[in-house]
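Heads up, the thing below is written out as structure tokens.
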Amino acid sequence: MKDLLNLFNQQRQTLDFDAIKIGLASPALIRSWSFGEVKKPETINYRTFKPERDGLFCAAIFGPIKDYECLCGKYKRMKHRGVVCEKCGTEVTLAKVRRERMGCIELASPVAHIWFLKSLPSRIGLMLDMTLRDIERVLYFEAYVVTEPGLTPLERRQLLTEEQYLQARQEHADDFDASMGAEAVYELLRMIDLQSEMARLREEIVVTGSETKLKRLTKRIKLIEAFIESGNRPEWMILTVLPVLPPDLRPLVPLDGGRFATSDLNDLYRRVINRNNRLCRLLELSAPDIIVRNEKRMLQESVDALLDNGRRGRAITGTNKRPLKSLADMIKGKQGRFRQNLLGKRVDYSARSVIIVGPNLRLHQCGLPKKMALELFKPFVFAKLQRRGLATTIKGAKKLVEREEAEVWDILEEVISEHPVVLNRAPTLHRQGIQAFEPVLIEGKAIQLHPLVCTAFNADFDGDQMAVHVPLSLEAQLEARALMMSTNNILSPANGEPIIVPSQDVVLGLYYMSRALENKKGEGMVFANTSELKRAYDNSVVELHAKVKVRITEIETDDQGLRNKASSIVDTTVGRALLSEILPEGLPFVLVNTEMTKKNISRLINSSYRMLGLKETVVFADKLMYTGYAYATRAGVSICIDDMLIPIEKKEILGEAEQEVLEIQEQYQSGLVTAGERYNKVVDIWSRTNERIAKAMMDTIGTERVVNADGEIVDQKSMNSLYIMADSGARGSPQQIRQLAAMRGLMVRPDGSIIETPIKANFREGLSVQEYFNSTHGARKGLADTALKTANSGYLTRRLVDVTQDLCVVQLDCGTAGGLTMTPIVEGGDVVEPLKDRVLGRVVAEDVLLPGNDDEPIVTRSTLLDEQWVAKLEEAGVQSVKVRSPITCESPFGVCALCYGRDLARGHLVNMGEAVGVIAAQSIGEPGTQLTMRTFHIGGTALSAAAIDNITVKTSGSVKFTNLKYVEHANGTLVAVSRSGEISVLDTHGRERERYKLPYGATINVKDMAEVKSGQILANWDPHNHPIVSEVAGFVRFIDFVDGVTVIEKTDDLTGLSSREIADLKRRGSQGKDLRPLVRIVDKKGNDLTIPGTDLSAQYLLPPRSIVNLQDGAPVGIGDVVAKIPQEASKTRDITGGLPRVADLFEARRPKDPAILAERSGVISFGKDTKGKQRLIIKDADGSEHEELIPKYRQIIVFEGEHVTKGETIVDGEPSPQDILRLLGIEPLAAYLVKEIQDVYRLQGVKINDKHIEVITRQMLRKVEIVDQGNSKFLNGEQVERQRVIDENAKLIARNELPAKYNPVLLGITKASLATESFISAASFQETTRVLTEAAVRGTRDNLRGLKENVIVGRLIPAGTGQTYHSQRRYSSVGLTESEMETLVGRSTSSGTEVTSPSKDAIPLGG
């Protein structure tokens, strides 16, 4: 019996494997796969349609065409299983063996495998140490190669032309062997003794001096090492036997009309077989050499085309002029095996239809058309019909269903109750694009969708379609209900804020009912409770917007957790009091006693989730929605053209602007301003004007004059329909209303530059023909941009997912002490993101102490910061917190829960097995479509208008200096003499409120820790000149000042004062080229003074174009300006914005002119310049010097004698992330990447949590570069996975040997994806050929650790609920007990770790 059951399993290969290994196939292995040799190119007999014997479809080789039936029909049925027919040679078995039985072709002459020859770097070339060009000349019969020199002066692997060969034959007769073609290469490869070659190279690498040779040797050592370790032989890269793919994988299908559709592979195989057979015949006939050679070359070319068509020479085309699809093309690209069939499969039990709005559904429901449900749940319905006895057979049940009998519908109702379905809207950019709902049967053919989940799906009802899938197994249903149900996805995983927020109509309704208006019916009435008020409202005694007093009863929770009722009389409006009726118990009335704009509603739902948990919030969100719709209907808001009020001031503002433009035009004509300045100023004037008119318009629309209850005339917010919509956040924005009622403003040309004549009209007035034409320009560009943007954004998401796909939470605590220090983010003096927002949901890395009290920790190490904790931190005035980060996590694979912190979508500590990598990739990729594509062009004045020349405080408090070096001027002010100094303002609690950068040479009007008032000016400076400040008091002495050569004297006509300007280098002529004009400060006797704290003389090198106003010998005091350098309006640097910028950062691309950072700390001096470069020298503390050559056109921002620290900017520009990592380390790099990426997203108003960017940065830092190999087997300069080096070093240290030293390397996301340990994942991403070639040579083993690899081999992913399956599978093979397994999977927490976290409604995931 057991064998009978085994019958079905014989064909199934085992699924229980732990790894997949790839390698080179030896000829013996290929022959062992084969079931016979394919000798003829024929496919099938066109009369009988039966396969030809020994042909490409031969039944004797590949198996029978029909199950259990031989080709000639002698043996049929199961009883002859396994018999080989003596007449036709077919084995009687299942026909599906034709999918797995391979054949082979014995090649008459060896052939090189094109992947190992042409895929760069050429493996055959490296192995033989010959160039690819030379090998190709041998292979394609253009030259001889010496395979065995014997005793002749010839070298092995030396190439000989035909003449040289004949000459050598004459000279040396048969003393040497030389041949051509793949045989020659095969011989050379066969002779290589890998071990001795390896030893020779290891010796050579020690003595070699040349850089290029070293690189070549390193590559060869790696390759030979790979061959030795994997057990591959070099000659296997040359094929002597060619495997033939099973016929069912390259089918030949008869079409009607007697023609055949065939796979391209059959054509390619036919070509190879034809040429091979012809070559055999020629060799038998011992034909002339030239003919044989030609045939061999053609055979090589046809095998090349079969393996990878088009890689060498022109691609072989079929009858229809398109290139044939070779074996390589089958697996690579979007249509290849990996991406088309293994990573994206089509599934059954699915349907799709248009979606319509379902405003009366509950949040967990969706409306499913009856017809669709019946089709989807058919098998369930059949089973139930049979169980009920309404049908006896499946056939009978089928008939009932087809006739759509009445009882079928009742049964369908029962079947679908409590059976969730999964809805999906393409494009699925993040995990909220697929959610589970309980179906409700509806009439019609459209799917009803709950309005609150539209944001998550990014769906609207203008014809969008959605797909429905049915989870069949019990496990799938359970997961759909527990994890994917729409009620479990209230918070966005990107930022932890509610994603189930009302929008549009609902917001409008709630806003309308919560507005307060003056002098409405019933104003000033007092009500005992809300039900009394409701009665009054229903009887039209009070109006909805009247201001009234109501007694509200609330439930309050005190410190002990006891719940008490508290009632109070509140000033409110009728609408808000009615709104309080749906407020769940435990939420304060304050939350709704305000205008319910979209922001406030979001805050309300967030508070509800944090205070009351999931279930209450879901019910509340539904009630909010129903209320919103009801009152939107009552409001009856509509817009008409009269709602667009054009401000009266428009005419006069336009007049002023036109006047200004005329003035500038005149200045330009008289030559006072350049064309560029004129353009910039004009654009500036118009954008300012536009803003003024827009403000006037918003004031006009947004306020109205009314008489209040006391008879006075007052202004109140108007109820203008347009204004209501924009103000509530329901639809539209001030920008759009501006175009309707103020002026359209400036338009953009397709290249992104601004047209200087604005559109003065608005849409209500109507545009003139010319204005309309101008506006079409930019509009078309916008549409083209959108299309490109979607593609680019999708590609970015794909790369991000690929680099992070194997990152999961693998343990609770890795025990690291490292982390990142978080501080508030400040821009232009304002705090953009306070500290509490940055550390919320993070785990503290070390105790946080009270500022000014080092004994008392507020928060202890390893605490998860929730809302209560961050409030405490803010109260205490903490300015920086060190938190755990994925970047510093020390888990070998994946990250640990404490380094990751809170799961943003659930609000508690992240669960074991959560796929945090994919979530990070989706959170960053999904808003990609909202980012802009264009680079911003910023002209001169657009910037110079905003040239800041002082610091004015916005809040009162005390001043704190950070990193600030300053000297005290004689008049009592301080002068800044450092570049990276900052001034901050702290409030009474010591919390930082503002922070400003101070430029060099700024005058500071306050002392450190001084009290300041709001509006006070702390510091000021000249924005147009960069001063050089003297740090000592003494007398000026000019050095190398030669009039007319290095300096030009200028006298001002008005004042008569003279000043000297340092001449440009080009103008100095030959005698001035070695002069270095500088100002030295000396004492009375003329001795050099030194800068305090150093032994450098106080001298200041003057760069070209700097201006000196002092005379030689004049006295200077501390803090006086010695010279100043005019700053031209900063060069227009295009700011790359939007998507391209994000992509550049993640790809870790070096900017075009990167900032030059100081390689070490020390004091600056300048050396002798070369032709196009200036020489900058940094002298460090122990006197060693480091030189840096800097192009003349770059502006150096440091001066002689200035002290710089390692990694400080010395030449302005965009810093390169690689430099930051090398000079400053991982933490500053992380801070830089997070800041730069967040800046782009913040500009678009997109919120993404920092930890997602950190997760991706972690993956970019996976590799390290070996700087000193120690006793390890790594080579210097090799890039290796960090974890491999750590493991290897641990072994070395255990044996008391020298460990390898290494530096972290930053790889871009594409590079990092391709450099992953898993070759299956890398091959399915990009450059499939290269990845597989490399992996085969190394004999790589893929341990199937990531998500992609497991999807490809058809298993559950090792994340989420699939992690338990994997751990059980692993340990069942080891045979552990239950308790041991629990310990391993990570139930236990590491010692000394406490995790404090409120886990409300937590759904524990496997683990």
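Cβ atoms are placed via backbone N, Cα and C, with glycine included.
Owing to the predicted nature of the structure, the values given are computational and were not obtained by experimental measurement.
Counting every protein chain shown, 20 other Cβ atoms lie within 10 Å of the Cβ of Cys85 (Zn(2+) 1 binding site). In the three-state DSSP scheme, Cys85 (Zn(2+) 1 binding site) falls into the coil class. Residues or ranges marked as Zn(2+) 1 binding site by Swiss-Prot: Cys70, Cys72, Cys85, Cys88.
According to Swiss-Prot, the feature Zn(2+) 2 binding site maps to Cys814, Cys889, Cys896, Cys899, an assignment based on sequence analysis. Cβ neighbours of Cys896 (Zn(2+) 2 binding site) (same chain, under 8 Å, six or more residues apart in sequence): Val809, Val810, Gln811, Leu812, Asp813, Cys814, Cys889, Glu890.
Annotation source Swiss-Prot lists compositional bias 'Polar residues' at 1386-1399.
Per Swiss-Prot, region 'Disordered' is recorded for 1384-1407.
One residue stands out among the binding-site residues Cys70, Cys88, Cys814, Cys889, Cys899 for having the most other Cβ atoms within 10 Å of its Cβ: Cys899.
If you draw a 10 Å sphere around the CB of Cys72 (Zn(2+) 1 binding site), it holds 13 other CB atoms from the protein chains shown. The CA atom of Cys85 (Zn(2+) 1 binding site) is located 67 Å away from the CA atom of Cys899 (Zn(2+) 2 binding site).
The Cβ centroid of Cys814, Cys889, Cys896, Cys899 marks the Zn(2+) 2 site; residues of that chain outside this set whose Cβ lies within 8 Å of it are Gln811, Asp813, Thr816, Arg884, Pro886, Thr888, Glu890, Ser891, Val895, Ala897, Leu898, Tyr900, given in sequence order. You'll find the Cα of Cys70 (Zn(2+) 1 binding site) roughly 64 Å from the Cα of Cys899 (Zn(2+) 2 binding site). Cβ proximity to the Zn(2+) 1 site centre (mean Cβ of Cys70, Cys72, Cys85, Cys88, cutoff 8 Å) flags the following additional same-chain residues: Ala59, Leu71, Gly73, Lys74, Tyr75, Lys87, Gly89, Thr90.
If you measure from the Cα atom of Cys88 (Zn(2+) 1 binding site) to that of Cys899 (Zn(2+) 2 binding site), you get 68 Å. The two recorded residues, Cys899 (Zn(2+) 2 binding site) and Cys72 (Zn(2+) 1 binding site), show a Cα separation of 69 Å.
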